[in-house]
Amino acid sequence: MPSNKSVSDAPIVQFTNCRILRDHQLQREDLWVREGKILNPEKLFFDEKGSADVQLDCKDSIIAPGFIDVQINGGFGVDFSLATDDFKSGIDLVSQKILSHGVTSFCPTLVTSPPSVYHQVLPQISVRNGGVHGAGILGAHLEGPFISKEKKGAHPEHCLRSFEAGAFQDLLATYGSLDCVRIVTLAPEMRRSSEVIQELTERGICVSLGHSVANLSQAEEAVQHGATFITHLFNAMLPFHHRDPGIVGLLTSDKIPAGRRVFYGMISDGIHTNPAALRIAHRAHPKGLVLVTDAIAGMGLAPGRHTLGQQVVEIDGLNTYIAGTKTLSGSVATMDTCVRHFQEATGCSVETALEAASLHPAQLLGIEHKKGTLNYDSDADFLMLNDNLYVQATYIAGEEVWRQDASGM
């Protein structure tokens with residue numbers, strides 16, 4: 001059957017012999033791609049009378065949407081919270097390297113820093129599409145400095161700030177610009193945080209609750225004002241208590257506005273969260289779970305001393321600590337590792353594990369119409385994986401951007 005080129009001259013690629021993650025199920029179908037988008041084959045056959053120009057045998061691989069990491073502080077020796085002259089080449093390096101771990105889009109994350117760092121770094125982060133050059137950038141995640149001193153974790157205390165007389169203006173003055181900002185993590189118990197949450201939400205910026213000693217009613221009030229995310233659940237917040245479960249209580253709160261879903265990040269590296277805690281969260285609120293790496297500059301490097309913004313951190317196996325302490329400071333886990341650990345720890349389905357790193361972060365950011373699924377007309381950002389969820393190839397806009405070579409590298 002000849003291709004009908006009246007609609008587009010672009011080649012049509014048909015991925016065959018695969019199981020596609022679509023509508024929460026692995027389905028034995030072919031995947032059709034043209035001009036970087038997923039095609040509806042019925043329209044192609046019946047409306048255009050078209051057919052594939054290229055067929056690719058996937059050898060029974062799983063095809064899943066590309067992973068989206070909404071909290072990554074750096075990796076491979078690059079620290080996003082350090083203002084350097086070659087910051088852009090650093091972000092390019094990370095975006096290139098994470099392709100091999102299945103990440104096709106990410107939010108470069110800055111930990112609590114002095115205003116001068118935000119003023120220097122943020123203008124150098126721009127939202128961009130992914131490709132052979134690396135994963136797409138969805139906008140920055142600013143984790144702090146408007147967080148709790150008691151739950152600062154690995155954040156430097158001398159850089160913490162509160163909302164003074166100006167509230168939102170204080171935030172603007174600290175960051176310098178919100179042009180490329182996608183997520184802000186703050187502590188909702190801070191005075192005047194409600195008006196800041198409302199203002200950020202009105203600007204389309206996702207507000208996340210974290211590094212906080214908030215009780216449940218303060219967390220619920222923050223959600224009522226627009227907050228939709230929890231930064232690394234269980235870490236850097238009050239532990240669950242039966243009389244006041246704190247931020248953790250949002251997972252089963254009956255005070256969430258109708259039609260709103262609260263999402264929560266989890267560092268599924270086997271270090272930050274006990275597998276039992278991972279299971280509790282997942283069973284309580286499975287549709288809100290978003291896997292994040294919270295990776296630091298030491299990801300992909302040998303154990304030893306590395307940086308996290310203003311602090312020196314030490315890597316010992318999969319543990320990362322503020323040097324000289326036992327305070328955990330981010331992770332060195334890659335996203336594909338987190339997906340595999342999550343599936344193993346919870347016993348969830350392959351589909352559920354994959355969606356926690358793709359569909360759920362896309363829904364959190366309101367981009368599920370184009371990312372995080374393999375629905376027709378969405379971006380053709382996808383992975384080929386084996387049955388053990390190891391990434392074999394990564395595609396962005398239908399183009400192969402990474403493939404495991406024969407030696408397994």
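These residue numbers are counts, starting from 1, taken along the chain as shown.
Heads up, the Cβ atoms here are built off N, Cα and C, so glycines get one too.
Look at TrEMBL and you will find 62-401 tagged as domain 'Amidohydrolase-related'. Here TrEMBL flags Glu143, His211, His232 as Zn(2+) binding site. If you look up TrEMBL, you'll see Ala154, Asn235, Ala236, Arg243, His272, Leu328, Ser329, Gly330 marked as substrate binding site. As annotated by TrEMBL, active site, proton donor/acceptor applies to Asp294.
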Query - Cα distance (Å, whole number) from Asp294 (active site, proton donor/acceptor) to His232 (Zn(2+) binding site) - result: 8
Query raised in the report: Given the recorded positions Glu143, His211, Asp294, which one's Cα is the least distant from that of Ser329 (substrate binding site)?
Result: Asp294
**Report entry** Spatially closest candidate among Ala154, Asn235, Ala236, His272, Leu328, the listed binding-site residues, to His211 (Zn(2+) binding site) (Cα to Cα)
**Finding:** Ala236
Report summary line: On average, residues of the domain 'Amidohydrolase-related' (62-401) score a pLDDT of 96
Requested in this report: Enumerate same-chain residues with a sequence separation of six or more from Ala154 (substrate binding site) and a Cβ-Cβ distance below 8 A; give 'none' if the list is empty.
Outcome: Val111, Leu308, Gln311, Val313, Ile322, Thr327, Leu328, Ser329, Gly330
**Report entry** Among Asn235, Ser329, which are binding-site residues, the residue with the most C-beta atoms within 10 angstroms of its C-beta
**Finding:** Ser329
Query raised in the report: How far apart, in Å, are the two Cα atoms that lie farthest from each other among Ala154, Asn235, Ala236, Arg243, His272, Leu328, Ser329, Gly330, the residues recorded as binding substrate?
Result: 30
Report summary line: Given the Zn(2+) site Glu143, His211, His232, its other Cβ neighbours within 8 Å of the Cβ centroid, in chain order, are Gln71, Gly144, Ile147, Gly153, His155, Thr185, Ser208, Gly210, Thr231, Asn235, Ala236, Asp294
Query raised in the report: Whose Cβ, among the binding-site residues His211, His232, Arg243, His272, has more other Cβ atoms within 10 Å than any of the rest?
Result: His211
Query - Rounded distance in angstrom between the Cα atoms of His272 (substrate binding site) and Asp294 (active site, proton donor/acceptor) - result: 10
